[in-house]
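Here is what TrEMBL records for this protein:
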{"type": "BINDING", "residues": "His61, Glu62, His94, Glu95", "note": "Fe cation 1 binding site"}
{"type": "BINDING", "residues": "His234, Glu235, His267, Glu268", "note": "Fe cation 2 binding site"}
Amino acid sequence: MSSTISNTQLKALEESLLNTSGNIPLHDRFRSLFTLKSLKNEDSIRIISKGFQDSSALLKHELAYCLGQIKSPSALPVLECVLRNPSEDSMVRHEAAEAMGAISATKSIPILEEYLSDPDRSVRETCEIAIARIEWDKTEEGAKTEEVMKDEDYIPLYTSIDPAPATSGLLAGAPKPEEISQSKIDELREQLLDGKRPLFERYRAMFALRNIGSPAAVDALAAGFSDDSALFKHEIAFVFGQLLSPHSVPCLLQVLQNGTESDMVRHEAAEALGGIATPEVLPYLKEWVAREDSPVVVRESCQVALDMWEYENSGEFQYANGLENASTPISVV
Ligand SMILES: [Fe+2]
Ligand SMILES: [Fe+2]
């Protein structure tokens with residue numbers, strides 16, 4: 001969906017996102033970013049692209065994510081620049097590669113291939129998945145799926161462009177959870193946890209389980225937290241942030257509290273908890289926003305998560321800044 005706004009509103013969003021005054025809290029900058037994302041136009045791409053000068057890896061990885069979700073090839077040069085920058089935080093580079101996958105231009109394939117041997121595991125795994133995504137989009141099933149999604153009558157459960165489509169037959173909006181047998185969930189769980197399969201296939205099972213969304217599917221997804229890939233685990237936490245099932249709270253709290261877990265995974269767990277926003281998560285978010293041993297990205301994520309928690313518990317109309325007509329689902333990466 002796109003929205004039109006005045007130049008003054010656009011300027012205000014830019015100043016907020018880029019923190020020109022120097023006193024805009026991070027969570028407000030995030031809200032402005034989500035509003036810009038919902039505009040889905042060249043102005044928003046131009047403004048979002050300026051944010052990569054910032055020092056916050058958390059903010060920058062979200063910028064890259066939003067550029068991918070806008071799905072315009074005009075964002076490819078800036079995303080490529082981010083991926084190519086060896087001094088950029090790996091979480092940001094990962095998100096840039098993933099965004100290139102979401103935009104799905106064939107010309108991105110050779111660039112992504114260059115990073116299949118990147119020293120950072122999350123970056124090379126992301127490139128592997130992004131290439132597979134772009135190639136899948138060109139298959140007959142990919143083309144058919146795009147047609148279905150363009151149909152006016154198609155109402156997706158989740159509006160995000162995911163790194164991998166759900167397993168065939170389980171695309172968002174397709175079979176109702178109650179029509180899914182336990183044996184189907186077991187089969188998807190097996191695919192999800194099978195380290196010998198390509199990550200793209202495992203991700204397809206992950207998004208299929210998200211689309212099913214029942215407590216049994218949540219349990220299957222939670223088993224993924226014992227994997228050794230930080231990328232894979234952070235995506236499980238992301239999916240929980242979309243599902244918003246209170247059933248996932250205990251495992252997400254465990255991840256957040258685990259000081260030996262990768263920051264990227266803990267960050268995603270914190271934000272998922274902020275979105276789920278049940279009363280028991282609040283003290284944990286407050287704790288990790290204040291703790292001295294909290295890594296910057298975890299602390300900042302808890303700050304954003306607290307804002308999400310308050311929003312969810314406030315009855316506010318929308319989680320974004322400044323635009324009444326910019327429908328902005330509360331979903332961060
Ligand atoms: Fe990510
Ligand atoms: Fe993230």
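Using the three backbone atoms N, Cα and C, a Cβ is placed for every residue, glycine included.
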Rounded to the nearest Å, what's the C-alpha distance separating His94 (Fe cation 1 binding site) and Glu268 (Fe cation 2 binding site)? Just drop the number here, would you? 14
Could you tell me which of the binding-site residues Glu62, His94, Glu95, Glu235 have their C-beta within a distance under 6 angstroms of some atom of ligand 2? none
Given the binding-site residues His61, Glu62, Glu95, state which is nearest to Glu235 (Fe cation 2 binding site) when distance is taken between Cα atoms. Glu95
Filtered binding-site residues, from Glu95, Glu235, Glu268, whose Cβ is under 6 Å from an atom of ligand 1: Glu95
Residue pair His61 (Fe cation 1 binding site), His267 (Fe cation 2 binding site) - Cα distance, angstrom, rounded: 11
Calculate the distance in Å between the alpha carbons (Cα) of His267 (Fe cation 2 binding site) and Glu95 (Fe cation 1 binding site), and round it to a whole number. 14
Which residue, of the binding-site residues Glu62, Glu235, has its CB surrounded by the fewest other CB atoms within 10 A? Glu62
